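Engineer: Pasting in a structure now, in structure tokens, and then I'll have a few things to ask.
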Amino acid sequence: MTQTVNVIGAGLAGSEAAYQLAERGIKVNLIEMRPVKQTPAHHTDKFAELVCSNSLRGNALTNGVGVLKEEMRRLNSIIIEAADKARVPAGGALAVDRHDFSGYITETLKNHENITVINEEINAIPDGYTIIATGPLTTETLAQEIVDITGKDQLYFYDAAAPIIEKESIDMDKVYLKSRYDKGEAAYLNCPMTEDEFNRFYDAVLEAEVAPVNSFEKEKYFEGCMPFEVMAERGRKTLLFGPMKPVGLEDPKTGKRPYAVVQLRQDDAAGTLYNIVGFQTHLKWGAQKEVIKLIPGLENVDIVRYGVMHRNTFINSPDVLNEKYELISQPNIQFAGQMTGVEGYVESAASGLVAGINLAHKILGKGEVVFPRETMIGSMAYYISHAKNNKNFQPMNANFGLLPSLETRIKDKKERYEAQANRALDYLKNFKKTL
């Protein structure tokens with residue numbers, strides 16, 4: 001009798017896992033509670049909806065996530081395929097039209113002969129082979145089930161989404177088109193600030209009213225998606241070294257570097273919507289409007305979606321998962337996505353790719369699949385299952401620091417990254433022959 005796998009959650013990780021299984025002839029029940037039950041952060045019933053930024057970050061091989069994307073591309077990732085098809089201008093980054101992106105994935109999976117989509121809320125983990133990819137907004141009932149099988153308490157922090165604005169309402173006389181250091185095409189609209197303008201903005205942020213947080217939830221932020229008001233609380237200069245960093249963004253009108261810069265990134269294929277880069281926030285909507293109007297060029301801006309903030313949940317993976325994203329105590333259960341402690345869209349999808357390929361091989365009797373540590377995919381899997389500081393385990397992005405050192409030391413960082421990237425792709429090429 002043919003084995004059927006239950007994949008719970010049709011986000012980035014669940015969609016990727018389901019696709020990898022189905023492409024290898026395995027029958028999949030893809031279980032997604034939306035639209036029967038919505039979450040505080042999702043806006044549609046589409047699979048792999050991007051609820052934070054529309055950027056999948058850097059695309060170059062001198063960037064950790066760029067290497068990860070290229071590895072996935074060579075392994076026929078549905079997420080990367082969709083991103084390449086839905087790409088919008090973003091300099092050296094891979095940004096997408098979020099509607100085209102999730103629409104392509106949804107249609108591909110719904111029409112796959114080996115995938116059955118079930119729209120219902122799951123409150124108990126099914127018997128048999130199961131991949132849990134329920135993401136940051138796992139329901140309380142299912143979260144308790146996960147606590148029961150892992151024996152670990154849940155940890156919480158907040159992901160935050162930036163506001164999206166209409167391009168037509170931007171005062172184009174006050175902004176300029178440029179990518180940092182002129183890398184790639186000029187893809188960002190830049191709002192330059194003088195020191196006085198920045199100080200007024202900064203003071204307003206500190207005084208702005210924050211939306212209330214449930215008392216039972218611990219505030220624990222991951223640095224990669226921190227609310228800008230929390231960054232501001234760390235000191236007046238923090239934003240200047242973060243999302244408002246002016247380095248490499250000289251104003252072509254003056255030839256000089258502004259004191260601070262707010263960047264706007266295209267959010268849709270038509271180029272009518274832009275998001276405010278790095279301005280993920282938990283401010284009340286009225287406060288967001290007042291603060292944003294202090295940014296030069298955005299004085300009369302129309303906000304089409306305010307920033308929101310939502311809980312995230314992840315398990316203490318080094319204690320409970322192996323490199324195949326299997327639950328050590330119950331190997332028929334796998335986890336994928338942010339719940340495993342990988343952080344980021346691409347990283348989440350990569351964990352689903354590993355879980356899906358591994359489970360397909362297990363069912364087909366082909367043996368286990370452990371990616372080489374020299375690959376970015378393998379290094380992420382190794383990190384979540386072997387992190388040394390497992391008493392304070394934190395989510396991790398793809399980065400070159402996760403890869404083993406090169407045999408020959410290279411001082412120049414760019415050259416070192418290029419060498420590590422080439423080695424990763426060489427290892428993947430050889431490893432792929434075993435799949």
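From the backbone N, Cα and C atoms, a Cβ is placed for every residue, glycine too.
Features from Swiss-Prot:
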| type | residues | note |
| --- | --- | --- |
| BINDING | G9, A10, G11, L12, A13, G14 | FAD binding site |
Engineer: Enumerate the residues of the same chain, G9, A10, G11, L12, A13, G14 excluded, that satisfy the criterion Cβ within 8 A of the mean position of the Cβ atoms of the recorded FAD site; list them in sequence order.
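Structural biologist: Output for this site, in sequence order: V7, S15, E16, A17, F47, A48, A133, T134, G135, A336, G337, S348, G352.
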Engineer: State the three-class DSSP label for G9 (FAD binding site), counting H, G and I as helix, E and B as strand, and everything else as coil.
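Structural biologist: Where G9 (FAD binding site) sits, the three-state DSSP reduction gives coil.
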Engineer: Let me spell it out: for each of the binding-site residues (A10, L12, A13), count the other Cβ atoms within 10 Å of that residue's Cβ, using every protein chain shown. Which one has the most?
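Structural biologist: Of the binding-site residues A10, L12, A13, the highest Cβ count within 10 Å belongs to A13.
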Engineer: Return the count of C-beta atoms lying within 10 angstroms of the C-beta of G11 (FAD binding site), excluding that atom itself.
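Structural biologist: Taking every protein chain into account, the count is 28.
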Engineer: Going along the chain, which residues six or more apart from G14 (FAD binding site) have their CB under 8 A from its CB?
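Structural biologist: Set apart from G14 (FAD binding site) by at least 6 residues yet with Cβ under 8 Å, we have V7, I8, L30, E32, F47, I131, A133, T134, G135, A336, G337, G352.
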